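Asks: This is the structure I have questions about; it appears just below.
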Amino acid sequence: TVSIQMAGNLWKVHVKAGDQIEKGQEVAILESMKMEIPIVADRSGIVKEVKKKEGDFVNEGDVLLELSNSTQ
Amino acid sequence: MRSTLRKDLIELFSQAGNEFISGQKISDALGCSRTAVWKHIEELRKEGYEVEAVRRKGYRLIKKPGKLSESEIRFGLKTEVMGQHLIYHDVLSSTQKTAHELANNNAPEGTLVVADKQTAGRGRMSRVWHSQEGNGVWMSLILRPDIPLQKTPQLTLLAAVAVVQGIEEAAGIQTDIKWPNDILINGKKTVGILTEMQAEEDRVRSVIIGIGINVNQQPNDFPDELKDIATSLSQAAGEKIDRAGVIQHILLCFEKRYRDYMTHGFTPIKLLWESYALGIGTNMRARTLNGTFYGKALGIDDEGVLLLETNEGIKKIYSADIELG
């Protein structure tokens, strides 16, 4: 999985189910305190499910992406 | 070398005030030939300085350029780090964009990008920021703080505090902060701050703080849609304000507050922020993507999150447009 490191509003999600993502890739942007905070994947894999949608309020530790075949 | 000489030359002129200084005196003071003095004066003229030359008397500085230039920003800058690596352009698409590119190419902490005009100045959420030439300060500062990702929003509050203090020192004008980092004069927007970051997983690679300041705009300089909601330092002061001075004072205040923050953490910044903030202790409306909340603003927490006391208890506001009253 790819999790969210801090609370805020999910502004943009760059990936969808089926996408191959790479470790270090920016997968979404969070908005908090009027800052745009990139969410960067800490592992590679194929997106099985996007658990949050744009506009959602998210908390630190929430899961953003379920991955299959994930590798660190 | 060259810019040190120019800096000394301008300081000589500044000290002399209205008096002439002979070419010989200048060449002695700078330790260069009179031909070199003449060349440096020619370069100052090209940058818009008006230097009067009178036979047997020497030179005197009549007018500094109203135009921004690298020299204008550098001379009199008293910081150690902030702005010392300085990139100035008359025109850029966006200082923020250039700063991102520089940050990707290992630009050091304190690197400052300034433009006299932005052709594609932008604010938060890709909103347009109106940034015509000649009147404003459009700049982006690169930081490389060794702090966890979650702490970076504190830097946007720190920037707001530094801008309020810098404006007060440079222009004698008191401004207010509206959560988290809008800066207002009499309720009208004067400064916008856009903080962005580059991250690697859970690490901060760089934080880029974009600051746009309306300095010398008169009401007619703003497009119609901004006329009622924007103002400038000059309108508040009733006189023209030196833009280089504004930049220098903000950078110096920023450097001091940043040092406080790195040494003592967020508490001293939080206290200053609350002292400059509008509406703490009064009712306000926060429009968020998930609804509008109304209540008394209690202040901010240690993460900078706005605490609103509503009928349903204390609501933490991470992202909202705020309406006072």
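From the backbone N, Cα and C atoms, a Cβ is placed for every residue, glycine too.
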Asks: Out of B:23-42, B:163-182, B:303-322, let me know the one Swiss-Prot marks DNA-binding region.
Replies: B:23-42
Asks: As a test of reading the model: what is the averaged pLDDT for the domain 'BPL/LPL catalytic' (B:74-262)?
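Replies: Across the residues of the domain 'BPL/LPL catalytic' (B:74-262) the model's pLDDT averages 92 on the 0 to 100 scale.
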Asks: Please indicate, using numbers and ranges, the residues of the same chain that are 6 or more beyond the DNA-binding region (B:23-42) and have a C-beta under 8 Å from a C-beta there.
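Replies: Counting only partners 6 or more residues beyond its ends, the DNA-binding region (B:23-42) has Cβ contacts under 8 Å with 5-6, 8-9, 12, 51, 53, 58-59.
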Asks: Give me the DSSP three-state residue breakdown of the DNA-binding region (B:23-42), ordered helix, strand, coil.
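Replies: In the DNA-binding region (B:23-42), the DSSP-based counts are 17 helix, 0 strand, 3 coil.
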Asks: For B:Gln118 (biotin binding site), just give me the three-state DSSP call.
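Replies: The residue in question, B:Gln118 (biotin binding site), is strand (DSSP, three-state).
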Asks: Suppose we draw a 10 Å sphere around the Cβ of B:Gln118 (biotin binding site). How many other Cβ atoms does it contain, all chains included?
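Replies: The answer is 25 other Cβ atoms.
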Asks: Long-range same-chain neighbours of B:Arg122 (biotin binding site), Cβ under 8 Å, sequence gap at least 6?
Replies: B:Ser94, B:Gln96, B:Val128, B:Trp129, B:Leu194
